[in-house]
Amino acid sequence: MSRSGSHSHRVRWWCLIVAVVAVWVQQVEGVWPLPQQLHQSADRDCLSPQRFSFTYGRDSAAQTGCSVLDAAFKRYFSIIFPDFTTLSENVLQYMWSEPQPFVVSVSVKTRGCDGYPDEDSDESYTLSVSEGQAVLRSVSVWGALRGLESLSQLVYQDDYGTYFINKTEIVDFPRFAFRGLLLDTSRHYLPLYAILKTLDAMAYSKLNVFHWHIVDDPSFPYQSRTFPDLSNKGAFHPFTHIYTQSDVIRVIEHARMRGIRVVPEFDSPGHTQSWGKGQPGLLTPCYKGSVPSGSFGPVDPTVDTTYKFMASLLKEVKFVFPDSYVHLGGDEVSFACWQSNPNVRKFMEKMGFGKDFTKLESFYMESIMNMTAALNKTSIVWQDVFDYHERIPQDTVLEIWKGAKYQTELSRMTQAGHRVLLSAPWYINHISYGQDWRNSYAVQPQNFSGTDEQKKLVIGGEVAMWGEYVDATNLSPRLWPRACAAAERLWSNEEKTLNADLAFPRLKEFRCELLRRGIQAEPLFVGHCRHEYDGLQLIFSLTGLCCC
Amino acid sequence: GRILIPYSTFNFYKEYLFGFETLVFQVHGVWPLPQQLHQSADRGCLSPQRFSFTYGRDSAAQTGCSVLDAAFKRYFSIIFPDFTKGSENRLQYVWSEPQPFVVSVSVKTGGCDGYPDEDSDESYNLSVSEGQAVLRSVTVWGALRGLESFSQLVYQDDYGSYFINKTEIVDFPRFAFRGLLLDTSRHYLPLHAILKTLDAMAYSKFNVFHWHIVDDPSFPYQSRTFPDLSNKGAFHPFTHIYTQSDVMRVIEHARMRGIRVVPEFDSPGHTQSWGKGQPGLLTPCYKGGVPSGSFGPVDPTIDTTYKFMESLLKEVKFVFPDSYVHLGGDEVSFACWQSNPNVRKFMEKMGFGKDFTKLESFYMESIMNMTAALNRTSIVWQDVFDYHERIPQDTVLEIWKGEKYQAELSRMTQAGHRVLLSAPWYINHISYGQDWRNSYAVQPQNFSGTEEQKKLVIGGEVAMWGEYVDATNLTPRLWPRACAAAERLWSNEEKTLNADLAFPRLEEFRCELLRRGIQAEPLFVGHCKHEYDGL
């Protein structure tokens, strides 16, 4: 990556002396995703790791001891000065001129350092960088995290390794409150470090919801407290391919420290083949002629035991996952097996459903959505549930995944008064040759026919990385920087970010920054980064995981 | 990832040790599929403590043979990945003394210090029986192929015990040239990425590393003769270059694995980066009556160009031991030549009229002759043949254009040229799903022509061009996708027509690649016993 451009500018006296040979270049640093308002001047300031510090503002509601921000200060110090070690502190004494101190003062209006981010979290912040200091102000600690991320992207190094930051004013807030990323840990198991690494990169892109599609047909890696047999029998391997309770807690805490919500998905009644192995009687036995064929279909919605099981499972989910949302799935239910089963047909008759199996599916989904509501959780369901059955609880969030005509679906759903998540155009597991991030970038989530009220019902969107062809070997390079396109669309002002060609150099730079931070992000096109991926960074990051 | 299939025959060890498990019999695939492979259900236990490689008494190579001594060490670690010195102590706790197992390797000819070449005999026979394996080959390179197959026959059960089934293999490659192209100009690939690729190539029995080392975007090769080429033409003159010692390391790493290194110095097009460190080499483009400041292909009208190319090719001959060198010759744009008055004057003088393909041919012929004078065989991209059918007979032509490669195979072989097929194996072109099946379906000799013509197809190449590829995504894009072409180029086509039948074996091989530390991406939903650990 080349960073160049020549302008005249003012530098502080000692910077001028240290970097006198480099004064003809002025490096303008992009921030990804683009802040709502960003004013940068050519004036720049030298930063020295020895004289750099984060501090809490006097008027800040959070002070030293605030878990989220204390950890963030440490984390961002290492991110800003990646080659600084305690050894290099000695360099200080040999420097012939004393570097000036630089203090980042962080002030938040409300505390909540031990809480979790939620749908109503205020992520706005203002950042003012001037001579010798930066002032970061936000309402919540989550907003402060976003501001620290932006600050870290403003710092750059010249060819001689000196750190600089330009005078900058930022006023920033997200366009959408829900900016999600889906990982599928059922089609392939993703080791814990791969999930934690993804959370790191999400925070760098200001994505704030980890949608954990934790179980599905192929495997059930979630180790349930209540039903341990689900993973004992339904995981690819009962010891090596599972998420223990402590794994899950680690994911949630790692996410919390980065202002990221964890929304688990327990998809039913379809996509549940792996559930049946550890929970006999849960799935519908399929029939061939008048006898069971030995294979199983979706969850059996006709027996009480199913609802008792789901109630227990959802209770556990509520207990384990602090987020107020839970994803209930509801997509792609095949009716063939239900149709083959005489008990199901009898039940249909009793209920007066006729031959319409969508009514049976709706009956089931309504029951578990009610269970979820009773647990004080908001349900998210895939669009199928709405498509088959428009009368669903008003506060249910609907997620659009079908590629064709998602604009029409946005209109219909918002007209019915539902909050909506858009994922269809961001199924980035579908790879193709070339710069396909441009397709993600071109998406306009509110460009559908509807009132302003309807537009407001689009609460955000999700990048989906389904796991048919993805595991820890290729997850990171497929996600990054491709997911960054949606991240900017969901955070930034659309008017200011319509042009992908203008975004390209900034994204290229951000991709190099991801490499520098140890994220195995693939290239956007021909070129190079000053610090290439060295293939060894996981070792360092793993040792760093302990400190959140 | 190991595939369990029901089998009716039980063997002694299995029934004795694992009576409850006798319903399954593990069939161990070898990728690429050997020409002849007979396996029985009889299996023997292997213990790392009692396992050894040895040279057969009648072997021309003996201890001290660099290639095989190193291979023995390497394959010991590959076969027993979790064996460490510490675990030797476990021996005393084993309730029954494990039996020794000796792999005896015999080669007919020495040549341990040489390089593999186009005529290297890679055939081998492998016979695995109780307590021993006998591997016989003509050359050390054949022995390497046999060791690779041997290593793929060994498997572990759920309790960590190692087994190998009684097996007979007679094997040889279908094609002598089984290449893989890496592009280190569009993105720089650090040395470790290249070495890792060579490792995986050896696992798949690829035997030629086509190093597309320079191109328009950057010139990372640090030349002894022209250091400014990388000083000014690399992405960075210190961090994004291949020093002479880097190149030597690549060549030696490849040699130890029986892999040839064929460098490509593509000209007269694809040379933008050359111009930065070699002023006067490229054609100045004109706009109106004045130079526009931009440059086109190498200037084929001036003597200095040929002097430069001759020095460069002499250096290449000196640095790269392989008898082949790739001269490129593809995608030459004529617009710049056309704009330049000196070039137009030269065209007139030479009687080329307005036909710039004649100018291109003139240039290519000159450097092909230089190459021949250096006792090197030229490979060129198909463009050179397409424009100019009269080229030196022993030039190897490489097909890269996607459409109608069968027709091109016919035409080239009819003209008596040896041919390499790469067009259907441009696997940098990714798509969603199991695209390895497309690579697998390729039939390189399925074109209209005589038997003699078919023999002129000397092999093929998988190409991983670098527009969108660097060290972050190289390995998962290459593996296991490149394995499909590897099998097509090594194995009997008749026995490997069905991709569905190949699938479980490839799935297993991909898990084995993971186990060996190759970041190979998944083929479909599922898991491996030993997943990629990111370290």
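Heads up, the Cβ atoms here are built off N, Cα and C, so glycines get one too.
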Q: Could you tell me which of A:Cys113, A:Cys337 is bonded to A:Cys286 by a disulfide, according to TrEMBL?
A: A:Cys337
Q) Would you list the DSSP helix, strand and coil counts for the residues of the domain 'Beta-hexosaminidase eukaryotic type N-terminal' (A:31-154)? A) 40 helix, 35 strand, 49 coil
Q: Quick one: pull the CA-CA distance for A:Cys529 (disulfide bond) versus A:Cys286 (disulfide bond), whole Å only.
A: 56
(Q) Considering Cα atoms only, can you say which of A:Cys66, A:Cys113, A:Glu332, A:Cys512 is the nearest neighbour of A:Cys286 (disulfide bond) among these recorded positions? (A) A:Glu332
Q) If H, G and I count as helix, E and B as strand, and all else as coil, what does DSSP give for A:Cys337 (disulfide bond)? A) helix
Q) Ranking the disulfide-bonded residues A:Cys66, A:Cys113, A:Cys337, A:Cys512 by other Cβ atoms within 10 Å, which is at the bottom? A) A:Cys113
(Q) Among all protein chains shown, how many Cβ atoms are found within 10 Å of the Cβ of A:Glu332 (active site, proton donor), not counting that one? (A) 13
**Q.** Around the Cβ of A:Cys286 (disulfide bond), the count of other Cβ atoms that are within 10 Å
**A.** 19
Q | Nearest-integer angstrom distance between the alpha carbons (Cα) of A:Cys66 (disulfide bond) and A:Glu332 (active site, proton donor) | A | 44
Q: Among A:Cys113, A:Glu332, A:Cys337, these being the recorded positions, pick the one whose CA is nearest to that of A:Cys512 (disulfide bond).
A: A:Cys113
